[in-house]
Amino acid sequence: MAGIFRTIYDWLLRMFWATEMDVTMIGLQNAGKSSLLRVLAGGEFTVDWDLGGQPRFRPMWERYCRGVNAIVYIVDAADRAALPVAKEELHELMGKETLNGIPLLVLGNKSDLPEKLSVDDLIHEMDLKSITHREVSCYGISAKEETNLDAVLHWLIARASR
């Protein structure tokens with residue numbers, strides 16, 4: 001199954017990824033940002049900055065989110081103890097006027113684990129419906145199992161031309 005996904009992924013990259021786009025991928029430590037990046041980096045991909053999710057790096061997030069085509073916020077959907085902090089950090093960041101209008105994609109990673117939250121529960125727990133001044137989407141994924149990454153790519157491709 002992973003071979004089929006890789007073939008489709010490679011084709012999509014060749015066909016649609018001619019347009020450059022700037023995306024900031026952020027989230028708390030251990031949410032799976034690096035794992036997702038490794039999976040997505042199968043094609044032409046440049047990492048300009050690699051910011052950690054530890055508390056000392058979070059004040060820098062806004063700086064790297066300004067002027068991008070999209071913000072991708074990764075959440076460990078199986079770590080319920082980390083959700084309040086993930087929610088607080090996301091809402092603080094989305095409250096910055098400099099980021100108004102930038103689309104937000106929240107990814108609940110680790111959907112392969114039995115204790116993961118559903119997408120509906122993640123939307124509720126992260127209070128995503130209260131985020132305004134931008135488009136907000138939420139998907140459940142598994143970077144490890146490469147689950148639902150086609151939807152992520154489709155979402156990103158659709159915003160590359162904006």
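Any Cβ shown, glycine's included, is placed from N, Cα and C.
Per TrEMBL, the features are as follows:
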type	residues	note
BINDING	G27, L28, Q29, N30, A31, G32, K33, S34, G53, N109, K110, S111, D112	GTP binding site
BINDING	S34	Mg(2+) binding site
### Summary
DSSP output for K33 (GTP binding site) maps to helix
### Message
If you count other C-beta atoms within 10 angstroms, which of the binding-site residues K33, K110 is the most crowded?
### Response
K110
## Note on the structure
For K110 (GTP binding site) and the residue listed as 'Mg(2+) binding site', the CA-to-CA distance in whole Å is 13
